[in-house]
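For reference, the structure discussed in these notes is given below.
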Amino acid sequence: MEGIHVEADASAFRDCFSLAWKNPYVLRLAFSAGIGGLLFGYDTGVISGALLYIRDDFKSVDRKTVLQESVVSMAVAGAIIGAAIGGWLNDRFGRRTAILIADFLFFIGAVVMASAPNPALLIVGRVFVGLGVGMASMTAPLYISEASPAKIRGALVSTNGFLITGGQFLSYLINLAFTKAPGTWRWMLGVAGIPALLQFILMLLLPESPRWLFRKGREEEAKTILRRIYSADEVEAEIQALKESVETEIREIGSSNKISIIELFKTKTVRRGLIAGVGLQVFQQFVGINTVMYYSPTIVQLAGIASNQTALLLSLVTAGLNTLGSIVSIYFIDRTGRKKLLIISLCGVIISLGLLSAVFHETTSHSPLVSPIETSHFTNYTCPDYSSARNSAAWDCMKCLKSSSPDCGFCASKADKLLPGACLILNDTTKDTCHVENRLWYTRGCPSKYGWLALTGLALYIIFFSPGMGTVPWIVNSEIYPLRYRGVCGGIAATANWISNLIVAQSFLSLTQAIGTSWTFLIFGLISVVALIFVLIYVPETKGLPIEEVEKMLELRALHFKFWEKRPKTLEKSQAL
């Protein structure tokens, strides 16, 4: 297959299902490894619901915000370490071994969390789970990529993204299922051990990555696996291409297994691959996906649905849209191409963030006023800051919600939620009193006639983000690096993703308090514009290229601004020579 450009067109999606029928072994490899994505998605989704019940069981967690943050963020910190170590483990001991270790760590973490008698042990369990998630997040797409035929590689790696979003959807279903069960959060967190155990058993029955085996000199084992993956008329060409790639690499660099950071950046193909791969992983987080997901309850309130009970239902809807986007990615990734999908995705994200920014600005500047008559109707419940304010006549809903000594809420007018309402102290008694009179109670956002636009912005954001920026960065990172550096570079990129995740998660609340929600969304929109320019300049199209061809393409590629135009055949051939 050396020197041949494999065209991936509209038939790639059909080929994927055709192959599943003719050769289910390939699909078995992909879905078995993809359970790592399911673990990734489940853990990121389950903690939001579990934390509500953890606070009820452990009063220290309820009282101390730092403990709540630790329960969530320690898994991310563990994932950073897991992704970094995972790169070394992948290259030293193999992709299969790394997945088995990740499953073991995740299972231990799930058991520790489910049985934790105190917050300290719960946090220890979160660290173990984080280590497993971080390791699996970069290993699963790498294993699938190296065990997939070039023509449908994108579609099969996309199954990992589908299982990530599927894991998030499953976590919200599990949260709803166990809300009334004894032990609530223990079941929510403990159930995660089941897919980890399942994947551990399945991976014991599956082989190592054939490309890793070839690199380690275990050629006969690799050939046996490749013959099960490729058809008889393709397998010899693939074996020859892989053999030539490894021989060229050994001639140029030597057979040493030691890889230094200096060597990574001195090698042109690796450097170019790292710029594209790490850049995509960083931008995946910095275009604001966690912020948009965090503000889902606020957006629901903006739409006029003030009940907090809708939060878990909304999570199901957003997770469902995410999963739908992953299915769209499976269909289009080998038809449209990685780069076009990224560009379409980012254009949609920019429009969505602009819409959300405009809606929040309009809501903030035109929220209902606070009426002294409405407020005085609730004796002994008036917000202290409002009572002592000199300019209370200028108070509106947003000003009321920003009160912090103590926190206050907005009880909407009985006649119309957009008319002046009452600013009251925030507690359960006040909320119940407001509800008794059939009024709506707002604590995160204010009533607005533009609420439906906020819901539209949220839905558009997820629909555009998921099939492009949600899945493509993982696909590109699984195929863009030379074989010798694939594990280490994949680990570096995954580590960058988790560090960016932590930065965004820890800073966006401070950002919204400092400059407001509207400006925060606008900043993420501007970052998305930078991401779009980055993709146009630095990210190559790898659609349909055998993995061994990607290295040559990086060596010779020129900047390709007109992404919608097909490259001249002469250029394609020169890149394959």
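First residue shown is number 1, and so on along the chain.
Using N, Cα and C of the backbone, Cβ positions are placed for all residues, glycine too.
Summarising the annotation, TrEMBL assigns domain 'Major facilitator superfamily (MFS) profile' to 29-543. Per TrEMBL, transmembrane segment is recorded for 29-54, 66-86, 98-117, 123-144, 156-178, 184-206, 274-296, 311-334, 341-360, 450-476, 488-509, 521-539.
Counting Cβ pairs closer than 8 Å to the transmembrane segment (66-86), the top stretch among 29-54, 311-334, 488-509 is 488-509.
Counted as Cβ pairs under 8 Å, contacts with the transmembrane segment (521-539) are highest for 274-296 among 98-117, 184-206, 274-296. Here the transmembrane segment (450-476) sits against the transmembrane segment (156-178); at least 3 CB pairs are under 8 Å, leaving out pairs fewer than 6 apart in sequence. As a quick check, the transmembrane segment (156-178) and the transmembrane segment (488-509) miss the bar of 3 or more Cβ pairs under 8 A, pairs 6 or more apart, so the two do not touch.
Contact between the transmembrane segment (311-334) and the transmembrane segment (29-54) is supported by 3 or more Cβ pairs under 8 Å, counting only residues 6 or more apart in sequence. Remote same-chain residues near the transmembrane segment (123-144) are listed as 29-30, 33-37, 39-40, 43-44, 70-72, 74-87, 89-90, 95-96, 98-99, 101-114, 116, 156-157, 159-160, 189, 192, 196, 209, 474-475, 477-478, 486-487, 490-491, 493-495, 497-498 (criterion: CB distance under 8 Å, separation of at least six residues from the stretch ends).
Sequence-distant contacts of the transmembrane segment (29-54) (same chain, six or more residues past either end, CB-CB distance under 8 Å): 61, 68, 71-72, 75, 95, 99, 102-103, 106, 119, 122, 129-130, 132-133, 136-137, 139-141, 143-144, 147-148, 156-157, 159-172, 174-176, 179, 184-185, 188-189, 192, 195-196, 198-199, 202-203, 206, 229, 312, 315, 319. Contacts between the transmembrane segment (488-509) and the transmembrane segment (98-117): absent, as fewer than 3 C-beta pairs lie under 8 angstroms at sequence separation of six or more. Within the chain carrying the transmembrane segment (184-206), a Cβ under 8 angstroms from the stretch's Cβ atoms is held by residues 28-29, 32-33, 35-36, 38-39, 42-43, 46-47, 49-54, 57, 96, 99-100, 103-104, 106-107, 110-111, 113-115, 125, 129, 132, 171, 174-175, 178, all 6 or more beyond its ends. Mean model confidence for the domain 'Major facilitator superfamily (MFS) profile' (29-543) is a pLDDT of 84.
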